[in-house]
Amino acid sequence: MSQDPVIIHTDGGCRPNPGPGGWGAVLRHREHVREMFGGEAAVTSNNRMELTAPIMALEALTRPVTVHLYTDSTYVRNGITKWVLGWERNGWMTAAKQPVKNVDLWQRLQAACARHQVEWFWVKGHSGIGDNELADELATRGLQEAVGLTTSSAGTSLR
């Protein structure tokens, strides 16, 4: 695994929730920066978009690396660091014996994390953290493009 971590900031959301949604991610490694975004024109949820962002970012990495992943979603951070192993052990049922919501994405995130050494961090959203703010802007762009307010429905840009 790489000694210099890849730093990833992610965000996702919907307008309204549920409704069309977008996700964004900023990946940094040394002097390299990659911006990613996408969206869903169909009805989705904030939580699904918050999960999609780290999945897409981790799946974009071409080799196993150390990752510091920042999210403003306690749902995502707690889910992957505290709850997912119990859900899996219980047949993807919650402690209340209800099916886990978004199980398809939790399983995909779990698989994406397995390729890398991922350390998860929670950050307060809209608090002036540059790459978190950029991930939010990218999620908005993904939403706008998904509903046809701009030209395409998913993209990647390099800075």
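In case you wondered, yes, glycine gets a Cβ from its N, Cα and C as well.
Lifted from Swiss-Prot, the feature list:
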type	residues	note
BINDING	Asp11, Glu50, Asp72	Mg(2+) 1 binding site
BINDING	Asp11, Asp136	Mg(2+) 2 binding site
DOMAIN	2-144	domain 'RNase H type-1'
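The structure, with features from Swiss-Prot marked on it.
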residue	record	DSSP (3 states)
Asp11	Mg(2+) 1 binding site	strand
Glu50	Mg(2+) 1 binding site	helix
Asp72	Mg(2+) 1 binding site	coil
Asp136	Mg(2+) 2 binding site	helix
TODO: Please work out which residue of Asp11, Glu50, Asp72, Asp136 has the most C-beta neighbours within 10 angstroms of its C-beta, and give that one of the binding-site residues.
DONE: Asp11
TODO: Between the Cα atoms of Asp72 (Mg(2+) 1 binding site) and Asp136 (Mg(2+) 2 binding site), find the distance and write it as a whole number of Å.
DONE: 10
- [ ] Take every residue in the domain 'RNase H type-1' (2-144), average their pLDDT values, and give the whole-number result.
- [x] 96
- [ ] Give me the Cα-Cα distance between Glu50 (Mg(2+) 1 binding site) and Asp136 (Mg(2+) 2 binding site), rounded to a whole Å.
- [x] 10
